[in-house]
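Lifted from TrEMBL, the feature list:
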type: DOMAIN; residues: 209-337; note: domain 'O-antigen ligase-related'
type: TRANSMEM; residues: 12-30; note: transmembrane segment
type: TRANSMEM; residues: 42-60; note: transmembrane segment
type: TRANSMEM; residues: 72-90; note: transmembrane segment
type: TRANSMEM; residues: 96-117; note: transmembrane segment
type: TRANSMEM; residues: 124-148; note: transmembrane segment
type: TRANSMEM; residues: 172-193; note: transmembrane segment
type: TRANSMEM; residues: 200-218; note: transmembrane segment
type: TRANSMEM; residues: 224-239; note: transmembrane segment
type: TRANSMEM; residues: 246-264; note: transmembrane segment
type: TRANSMEM; residues: 330-349; note: transmembrane segment
type: TRANSMEM; residues: 356-373; note: transmembrane segment
type: TRANSMEM; residues: 385-401; note: transmembrane segment
């Protein structure tokens, strides 16, 4: 009887793992092979968030909240405050309840990664790799189709890639979103490549994937993603601290020096002429709207509409994650985010030899840098910015303080 019960328990445990695996793979890579965002979101709700909701209800019923470490608290407060701020929003195009649900969805996403890591870390890692590999395949197809088949120009900024061009597959909407998303994937790929436990063939595969993704990022001409990739690559090298990592660093430095010499005039143009690419007036508008709203914001859902003078153009967000967060939910929200980031930074510092910390910390560094000058908001339904921002947060939160001795490299 006990043997049958154990077999049954094992079956359900493996079933949960594979259900979560499907959900996470769709969440990571669905934009590449699904044309409909709503179809992708539906799959994420069913395969990833629903099991997390059941898991959380079980924890609540048993009052076993010790499953969550203290670092979750500021993030739960951040999500709760963001949801509450809907109550004083004005002019929102979305129903208040719809906006509030986004906080619940993000919380369940954090829980789903915790559940996945507790059930089967090795499968979680394989799904992450599969997701990044699929994103890389989408980037490769996009590069080939746009520049070899459609013969888009390769001259500097003549064409900014943001989609495959094949129906609506791998369509990220605009170059900045495409650059940030693929920059995040490139950071994960480099982490896989420089892990000293990888054999030479695996390392070569992931370095190739990294190169494809970086080429894609460069051709989006998204400077925030450029700087983010540079910083996150340095973080990967330092945290992995492997011989191949430092060789990669030297080789990359040489290539960067050559590229700087070849495109010096374009770099000077970026610094002296383009500068903030029009973000200055948008940020001036942000500061002009904030008096009287600094503490609690305008409320999540309140439209941000900067109308460009003499142009039939409206900028619908503050072109900075941090400014947009203050606009939506005030300095209280930004303080809660900062508290959450300090919590995961402290954990990453203490557990810096943990394999998950070595992978997720550079990805979070990329997100924080690339989102300085763009991104509408991270309080969203399932989408690209879950992969960019919430995935590394979720993994760092899920890492167990007690398991670190078993997870770090010798």
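Using the three backbone atoms N, Cα and C, a Cβ is placed for every residue, glycine included.
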Same chain, outside the transmembrane segment (72-90) by at least 6, Cβ under 8 Å from its Cβ: which residues?
96, 99-100, 102-104, 106-107, 110, 296-302, 328-330, 332-333, 336-337, 339-340, 343, 379, 393, 397
Run through the domain 'O-antigen ligase-related' (209-337) and tell me, per DSSP, how many residues are helix, strand and coil.
89 helix, 4 strand, 36 coil
Of the stretches 12-30, 42-60, 96-117, 385-401, which racks up the most C-beta pairs under 8 Å with the transmembrane segment (124-148)?
12-30
Count the Cβ pairs between the transmembrane segment (385-401) and the transmembrane segment (172-193) that lie under 8 angstroms and are 6 or more residues apart in sequence, then report whether there are at least 3.
yes
Which bits of the chain, at least 6 residues beyond where the transmembrane segment (224-239) starts or stops, bring a Cβ under 8 A of a Cβ in it?
176, 179-180, 182-183, 186-187, 190-191, 194, 214, 217-218, 245-246, 248-249, 252, 352, 357-358, 361-363, 365-367, 369-374
Determine which residues of the chain contact the transmembrane segment (246-264) at the Cβ level, with the cut-off under 8 Å and only residues 6 or more beyond its ends counted.
156, 190, 193-194, 207, 233-234, 237
Taking a Cβ cut-off under 8 Å, which residues six or more beyond the ends of the transmembrane segment (172-193) line up next to it in the same chain?
31, 128-129, 132, 135-136, 139, 160-163, 202-203, 205-207, 209-210, 213-214, 216-217, 220-222, 224-226, 228-229, 232-233, 236, 240, 244, 248, 358-359, 362-363, 366-367, 370-371, 374-375, 384-385, 387-388, 391
Confidence summary for the domain 'O-antigen ligase-related' (209-337), mean pLDDT rounded:
89
